[in-house]
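Step one of this worksheet: look at the structure below.
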Amino acid sequence: MVFRKLPGVSASGMGLRLSQKFVFLLFLSGLVTLCFGALFFLPDSVRLKRIFLSKTETQPVTVGSGSENDAREHLKRPKDQEHPRGMTSAKGETSTKLKSLSRKPPVSHEATEERLAGGKAQEDLTLSRSKTESASERATSPDHGANSDTFSYKKFKRCLLKHPLGRDNGKPSDPKTNERREKVKEMMKFAWDNYKRYAWGKNELRPLTRNGHIGNMFGGLRGASVIDSLDTLYIMGLMEEYNDAKEWVQTSLDLNSNGEASLFEVNIRYVGGLLSAYYLTGEELFKNKAVELGEKLLPAFNTPTGIPRGVINLGSGTSWSWGWASAGSSILAEFGTLHLEFVHLTELSSNPIYTEKVMNIRKLLNKIEKPHGLYPNFLSPVSGNWVQHHVSIGGLGDSFYEYLIKSYLMSDKTDDDAKKMYYSALEAIEANLVQKSPGGLTYMAEWRGGILDHKMGHLACFSGGMIGIGADDGAPEKRQHYLDLAAEITHTCHESYARSATKLGPEAFRFDGGAEATATRLSDRYYILRPEVIESYMYMWRLTHDPKYREWGWEAVEALEEHCRVESGFSGIRDVYTMTVSHDNMQQSFFLSETLKYLYLLFSDDDLLPLEDWVFNTEAHPLPIIRKSCLQDEATQDKTVSE
């Protein structure tokens with residue numbers, strides 16, 4: 001084969017034969033490959049990788065915002081509601097469906113700003129995976145519990161002050177009260193049996209049409225009613241039903257979904273439900289599932305500020321904000337309702353990343369200015385600034401405040417930062433939001449840039465119980481005041497029930513235009529089996545033992561039986577002010593987790609899930625108080641014995 005010489009260059013000038021050229025080019029290409037590859041093994045390789053790879057990484061995106069108010073009004077309709085809490089708030093302001101959650105939403109300006117944060121976030125996730133795997137390996141080893149870094153269920157049980165189920169499963173000595181408690185248990189069995197018959201494995205039961213509902217809130221996860229019911233079935237002693245639920249978790253709960261989920265709802269229902277089931281039973285299955293799912297939520301925190309976005313694809317880890325949220329913001333009640341569960345994920349996995357994520361949220365909130373000491377509902381996850389000044393103790397804000405006082409209590413009263421934040425917020429709430437109606441009813445108004453909206457949502461009725469459980473740890477001169485305030489708010493919420501034809505409360509009630517504790521808008525007249533009023537009855541009974549709270553609870557049982565019980569389950573109703581009820585065909589999973597559990601506890605002795613040992617997450621899943629000093633003492637004693 002003949003090779004043509006380059007014109008004007010002699011053979012001696014080229015100086016290389018074909019074989020030599022080939023060897024030279026091979027050497028040169030190898031050198032370039034080696035140099036480029038070495039970049040990825042230098043100490044600062046993550047930063048360099050970012051430079052070369054950032055354009056191809058999948059980035060968090062923001063759904064087009066649209067009109068927040070229009071979206072919320074659309075979401076508040078009771079028809080076909082899958083859960084009016086998740087899309088808008090922590091107990092959300094009645095949300096169910098998103099109008100336009102595209103699987104490939106347009107990349108926002110915020111997502112572009114996040115690229116520099118991507119590498120560090122991926123490092124966190126990788127660290128999380130490795131630590132979780134090693135923790136799981138230790139947990140299944142023969143000497144599980146010997147290592148002080150590994151959670152020991154036996155040590156945990158020894159640090160409880162009382163048995164979780166009490167002396168006699170909380171059975172009251174009074175026959176009338178026990179009869180009422182048994183009625184609530186029958187309601188739970190009826191609701192569960194119909195769910196199992198017609199909707200097994202689906203998220204919720206549609207009792208009128210006798211089929212299951214999946215919805216788009218849980219990212220492809222199934223069995224929300226199963227997970228939400230585990231602890232309720234267990235404490236009620238419905239062991240056959242509990243074992244069916246446990247078997248479903250073991251054989252059918254698939255966490256490898258690839259759908260778009262509410263970070264908030266998956267956390268409070270699935271993670272919270274699995275954690276609670278583990279702490280009550282000691283079944284490793286529940287712990288392992290909780291930690292596995294918790295890890296899938298971590299990418300939502302991959303933002304410049306560490307404030308998580310509200311929606312996450314559980315498969316890809318991509319996250320974005322709700323389309324209706326103002327300017328791509330995150331919601332106070334959503335990113336503020338992670339602390340209890342994430343601290344327990346760290347306890348169980350020995351992985352500090354979960355606690356670090358929620359403590360970072362705290363640090364940012366402490367750093368930024370609060371208007372009049374209040375926490376607005378919308379915060380930018382990119383800038384870390386408030387987006388608008390709308391403050392509510394109901395939807396969009398509610399459980400943020402709840403988790404502050406409960407974080408303090410769950411820490412065995414060592415989390416002084418949570419305590420300070422809670423009482424400062426409560427002081428601002430009293431100064432700006434607490435109002436007294438002409439008829440003498442105390443209520444929580446909403447605050448919009450300094451202008452009061454004299455409306456109180458059903459969701460805000462949890463605040464009676466919240467203020468009650470925090471009363472004892474306030475300033476000594478304010479303790480009785482807080483207990484009185486809790487009682488007044490709970491009374492107002494009871495009035496919202498008592499003033500309706502069905503004796504069930506509306507979604508929201510107003511205190512203007514001559515109205516007091518009644519809904520004045522058609523869109524606020526529905527009831528979807530919500531628990532918040534009954535929740536406050538339960539706490540106020542435990543704190544005061546005033547018999548009226550049990551009587552009020554029984555009124556609610558009778559109303560539920562008369563108006564919400566249908567042939568194949570329980571259903572919400574569209575108008576609490578008419579006796580000709582129209583059902584919404586949805587048995588919400590929180591009815592099984594919260595409403596019936598709180599009723600059962602209301603009619604039980606106080607030693608069933610005693611408040612000295614347990615706090616309830618916002619889905620009523622009991623989580624134990626973490627007694628670090630006790631656990632450390634137990635570890636020291638075990639080490640001494642082993643030596």
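Just so you know, glycine gets a Cβ as well, placed from its N, Cα and C.
As given in TrEMBL:
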TRANSMEM  22-42  transmembrane segment
COMPBIAS  59-68  compositional bias 'Polar residues'
REGION    59-149  region 'Disordered'
COMPBIAS  69-85  compositional bias 'Basic and acidic residues'
COMPBIAS  110-123  compositional bias 'Basic and acidic residues'
ACT_SITE  GLU265  active site, proton donor
ACT_SITE  ASP398  active site
DISULFID  CYS461-CYS493  disulfide bond
ACT_SITE  GLU507  active site, proton donor
ACT_SITE  GLU532  active site
BINDING   THR618  Ca(2+) binding site
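When the recorded positions ASP398, CYS493, GLU507, GLU532, THR618 are ranked by how far their Cα is from the Cα of GLU265 (active site, proton donor), THR618 comes first.
Calculated from their C-alpha atoms, the gap between CYS461 (disulfide bond) and ASP398 (active site) amounts to 9 Å.
If you check the recorded positions ASP398, GLU507, THR618 against CYS493 (disulfide bond), none has a Cα inside 10 Å of its Cα.
Other C-beta atoms found within 10 angstroms of the C-beta of CYS461 (disulfide bond) number 31, with every protein chain shown included.
Set side by side, the recorded positions GLU265, ASP398, CYS493, GLU507 differ in how many other CB atoms lie within 10 angstroms of their CB, and the most is found at ASP398.
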